[in-house]
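Feature annotations, reproduced from TrEMBL:
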DOMAIN    40-318  domain 'Pyruvate carboxyltransferase'
BINDING   ASP49, HIS257, HIS259, ASN293  Mg(2+) binding site
REGION    460-585  region 'Regulatory domain'
Amino acid sequence: MHHTQQPTPMPVHKYRPFHTRIDADLPDRTWPTKRIEKAPRWLTTDLRDGNQALIDPMTPERKRRMYDLLVSMGYKEIEVGFPAASQVDFDFVRHLVDEDLVPDDVRISVLTQAREDLIERTVQSLEGIKNATVHMYNAAAPVFRKVVFGFDGDGRAECRNIAVQGTQAVMKYASEYLPDSNFGYEYSPEIFMDTEPDFALEIVGAVLDTWGPASDRETVVNLPCTVERSTPNVFADQIEYMSRNMPYRDDVALSVHTHNDRGTAVASAELAVMAGADRVEGCLFGNGERTGNVDLVTLGLNLYSQGVDPQIDFSNIDEVVRTVEYCNQIGVHERHPYGGDLVYTSFSGSHQDAIKKAFDDRERRAVAEGISVDQYEWDMPYLPLDPKDVGRSYEAVIRVNSQSGKGGVSYLLKSEYQLDLPRRLQVEFSQVVQRRTESEGGEVSAATLWQIFSDEYLPSTHSEQPAWGTFALTGVRTESGADDAPRNSETLTVDMSVNGDEHTVTGRGNGPVAAFVNVLSEDFDVDVRVQDYVEHAMGAGGDAQAAAYVECVVGDRVLWGVGLDPNITTATLKAVISAVNRATR
Ligand SMILES: CC(=O)SCCNC(=O)CCNC(=O)[C@H](O)C(C)(C)COP(=O)(O)OP(=O)(O)OC[C@H]1O[C@@H](n2cnc3c(N)ncnc32)[C@H](O)[C@@H]1OP(=O)(O)O
Ligand SMILES: CC(C)C(=O)C(=O)O
Ligand SMILES: [Mg+2]
């Protein structure tokens, strides 16, 4: 069939494709075949780029909560604010220094524009700090040189002067206010992605010549994708070009700072690392200007799920989510990678079927190889990482609604109620559930599933709904014949309630089930034959219940029955009653 699409009514002619401006084309680019084999250095800018983008910027108390979270997760480079912007930011830096809240292995940094008065106040905020970095930025792209700074011509020299004079000011005030600190410098040519590559090299080179990188001097050149405007491969080319051509390369950490305007900040940062970046700046769950900074949680757990240590502790992801939501007053979306409420959950039947089988298979293999299941290699359909590793339980992995099949239903009964239904019973029961979800809609919780199950198969033991069913078993006594007695050697006496009337009856057979079938047929005129039988213990220990499942032919119908009882014989007879009652429901 031929599909005809319509031109958009929107004014698409207003837009131009993004030009890489990479004069030196990179036909020999190396990043496409690289792999990320170790974590880059991380800097979190939650307290700066994240904070500057909030409707309601963090109070000192919220800043402190975020800071403590970042330190506890293991971040070693934390941009804590823009001290020249507000008294709150200035005071927060002082609070960290005065209260000695910066561990020896953590380096805080602060951002400033390249303006001398702002630089002085910024450096001043750090007085007394052990390790700190001042991060200075100025925009370098043509439109900023022309429109924002108002320079004539191409404005390159004037723009470079802002950067060089700013760097000199940083150095001057650092030697004045921070003589005893391990002082570092970070420079960002803002709007790097829109800056001509040769000019980006020129301005970075001029700044580095001024600062003088050395192996014992913390130096960072941060190349921001301030507004994401291209596919990630273009940004990767830009980074590889800079990494290859930048002076002092061995003594400089090449950093990237991607934003998510096109929804590909994570890909841009990852390809940039493949292209040579040593360091990545971002925010937890991608907070930050507009669509946000790159999400450090996704980046970290992307590495983790490939067996690369992110060097960050994500083992309590819900605590991270709660703290970030509290500090930012912005929710984390239900489908946010790794942290959203629904991201380890499958509703659909084919996913649930595969997950249930793979969980069972993995458990079998781990036991066979003598390896703890928690440590066993992860290779699971639909679950890129083990939810337990980030502190999530398996309860939420499978949730049942009208899209679900037998796999999901039986997974929940097994994981929550220790019932391991035989396959044909799974099929039968999932049809019962399906009728229910289709008529009532919505999700079926494990508790509701149990209610449906016990109403269907265990009516007399279920207290919340009226008991139904013709027969109930109230007592069982067995008596075996001599070992050499050939057949019909088992004598079974049962107390039964039949429509509320008590009966005590005795039958014989070559086992209790056969004897019971005879009782049902001879005393109560019920024609039943057992054609399959499965049982298992529920949990471990002496007082564990047994579960029995029987597939019965009752008249001309085939039905399953279920019985639970501490005594396995009684459980089996209850299962037969369950099937018989269902046949006459
Ligand atoms: C991409 C980023 O996220 S960059 C970080 C952005 N974050 C923030 O801006 C948050 C904090 N900022 C602030 O509180 C304020 O902007 C302040 C206190 C720093 C400065 O405020 P103001 O002095 O009122 O200046 P304003 O913010 O309007 O800046 C505009 C002026 O600074 C110049 N300027 C802007 N950025 C820079 C820079 N990085 N270096 C040097 N000059 C700059 C502009 O050209 C403009 O100059 P003009 O007034 O001569 O035209
Ligand atoms: C200050 C710089 C690094 C920035 O936030 C950006 O360019 O996005
Ligand atoms: Mg930014």
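The backbone N, Cα and C atoms fix where each Cβ goes, and this holds for glycine too.
Features as recorded by TrEMBL, highlighted on the structure.
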{"residue": "ASP49", "record": "Mg(2+) binding site", "Cβ neighbours (10 Å)": "23"}
{"residue": "HIS257", "record": "Mg(2+) binding site", "Cβ neighbours (10 Å)": "27"}
{"residue": "HIS259", "record": "Mg(2+) binding site", "Cβ neighbours (10 Å)": "24"}
{"residue": "ASN293", "record": "Mg(2+) binding site", "Cβ neighbours (10 Å)": "31"}
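Under the three-state DSSP scheme, ASP49 (Mg(2+) binding site) falls in the helix class.
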